[in-house]
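Here the structure comes first, spelled out in structure tokens, and everything after it is commentary.
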Amino acid sequence: MAFSMLHLAGHLFLFVLLLPSWPLVFSQADSRIPLGSSLLASHDSSSWPSPSGEFAFGFYPLDGQAHFLLAIWYEKISEKTLVWYANGGNPAPEGSKVELTSEGQFILSDPKGNKIWEPDSSINGIIAYALMLDNGNFVLTNGSGNSGYAWESFKSPSDTILPGQILDIGGTLSSRRAEGNYSKGRFQLRLIPDGNFVLNTLDVLTDTPTDAYYWSNTYSEDRKNAGHQVIFNESGSLYVVLWNGNIVNLRSENIVSTRDNYHRGTLDFDGIFTIYTRPKSTANGSWVPSWSIPKDICSENWGESGSGICGFNTHCILDSNGRPICECLPGFSYIDPSNNFSGCKQDRPQKCEPGGSNPGDIYEKGELINIFWPNSSNFEELRPLENEEDCWKSCLYDCNCIVAVPIGSACEKKRLPLTNGRVDGSTNRKAFIKLPKPDASSCEPPIQNPEEKSKGQATLILVGSFLLGGSVFLNFLLAAAISLVRLRSGQERQKITGESSILERNIRSFTYKELEEATDGFREVLGRGAFGTVYKGVLSSSNSRTHVAVKNLDRLAQERENEFKTEASIIAMTHHKNLVRLLGFCDEGPHKLLVYEFMSNGTLASFLFGDSRPDWKKRMGLAFGIARGIMYLHEECSTQIIHCDIKPQNILLDDSFTARISDFGLAKLLMSDQSRTLTAIRGTKDTKSLDLQPGKEEEAILTDWAYDCYQGGRVEKLVENDEEARNYMRTVERLVMVAIWCIQEDPALRPSMRNVIQMLEGVAEVPVPPCPFPFSSAI
């Protein structure tokens, strides 16, 4: 009898224990989303709610736009906070559709039926139904009865983690770009293979993570003591589970009940991971931060390089809530006015002009209090210095200096870009910054609107081919994205007075005999091009031997010979890490030679098309470096320089494989008529010329095909033979869009190189480009 009562009690216990879960099981089954179901993106569209109505899956309208995010949100609260979104946060246009097809595929498509996104192509054809669960997880099941799901949103998070969600090794949260911009931002929270749970910035150009600025210290050389999961449990605790079963609590104190409060952990666009709570009892409550990492993001160890949290030329300040505020330095403004984390640019870039105005007539001293920069921004340190005024004057008369920091008897001189700036009251220091006087004339070329461009500005597009080194896409992309040139109609180069003395102060004047001896009678040829022949040489002194490259300008236009020193002086005044430096010249009768620093790793052409292809990050770094060099030539050096022959053979690589542009500033010397403004899309024959002229249709096939692939949503075909590039399709698509803008047949539509770089960096949106050849297509 006792046994029977015990047996009955056991059954009763199980009944009572399991009873609360039965309605959930039955309701989940009743809430199945069957094959053939779909949702339409519109302002009155329905959604797929969870059984209790806590969460919903559907199209979330973006404010003031005819675009929608395929997303999951809290359904019972007024603000409908998002916890997950598809397709990297890229919105879908109104009229798009998400469908669980009768064939078992789950697809998001645009109004024309083109596929925008699918969760995992490997599960196509095996999906039986979908479920929106009460814990905020949207799942696709295979209906086979096997444990687990074919796909679930918990395993593919966006910027938020919910109670009950687990991150395995490789699991990643990615911040949005800005408050209302859900595309991928600059920050990641990851559980990395060594077991550490880390926060890091993301290189938006290469889509690769950089050094961490927070880590959980759950790494161990003994694998069993390292982390392998991060769990945000149903009680609201957050911890790392080690391989040996132990846990390391990250957040375990002062946790309010999950029964009465919503909990979510979100990596915000400012790089801080915060766990928020909100009462369930009121629909009009608000989210309250209850725990966050890091505690002081401005003061975290960002390393000696990189832009830090706020971007270049900024400083970071914590507000009263511990959130970062990014401010530009005086005389600077945000690169992207809608995003204060985009970094800042000078409003009036300073110029280095020999024989120009007294710097004291142009600049005034600004004082910055308690702003700290690491030593990576220093380019010179002077000591001993008697007083602060000497420190300021040293910067004032140095065109490379923007900020001077007197520290005791020393003076730190800093140049652009300034990195990792922050307000730090513990430094108790001041800094001096050069500010253009209000009445000083601006050195920056005026910004013209599109109408002015069409009347008085033309654009020369120069062609190269390197980015993907061997794939078809490389010819198209560099042809546009890093070879865009802006010319101004009727703009003349500035006259340089006293050119001979100025030139000789900046670079060395060689005799022809000296260079003949240095090159051993011009014996070893490094290369031949449109500007002449280049020879390898060695300059010897009493204690050193310097390898150089000597260019003999044997194709100098006769009527330009008198301008040789002027043009050489202009070249000598350029200083940029992506330009080959001019060391000297020779001007003896018919002998016109230029002496450059020697680049030990040869040309970009030989590097790209050698036996082994450079990896994606290196290729993108090369592209970006060349783009920066071109922008400097167009917009930042004292006299605008137009190259006219950008190609892989004219890009050299230094000891660290940094891209260095050569042959700049020579085009005018070789052209017998430079009075007209060039607007054609130009290039040399061996770099896949893109001259879109009648009778050259065969040379335009590449660009036509690339635009057709983009227009048809088949960008992956451009890199189908490049497996590594296919891992970065979002970046590839952005680059293709930038390239299409750069090869617009109408010069007024082409962006400036500054805008190109902003789009490459991801700090500026890339608008949908129009057909680049409307004129040619009409012929």
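Quick reminder: no glycine exception, Cβ is built from N, Cα and C everywhere.
Going by TrEMBL, these are the annotated features:
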BINDING   Lys551  ATP binding site
DOMAIN    31-153  domain 'Bulb-type lectin'
DOMAIN    520-779  domain 'Protein kinase'
SIGNAL    1-29  signal peptide
TRANSMEM  460-485  transmembrane segment
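Across the domain 'Protein kinase' (520-779), the prediction's mean pLDDT works out to 76. Secondary structure by DSSP for the domain 'Bulb-type lectin' (31-153): 7 helix, 49 strand, 67 coil. Counting every protein chain shown, the Cβ of the residue listed as 'ATP binding site' has 24 other Cβ atoms within 10 Å.
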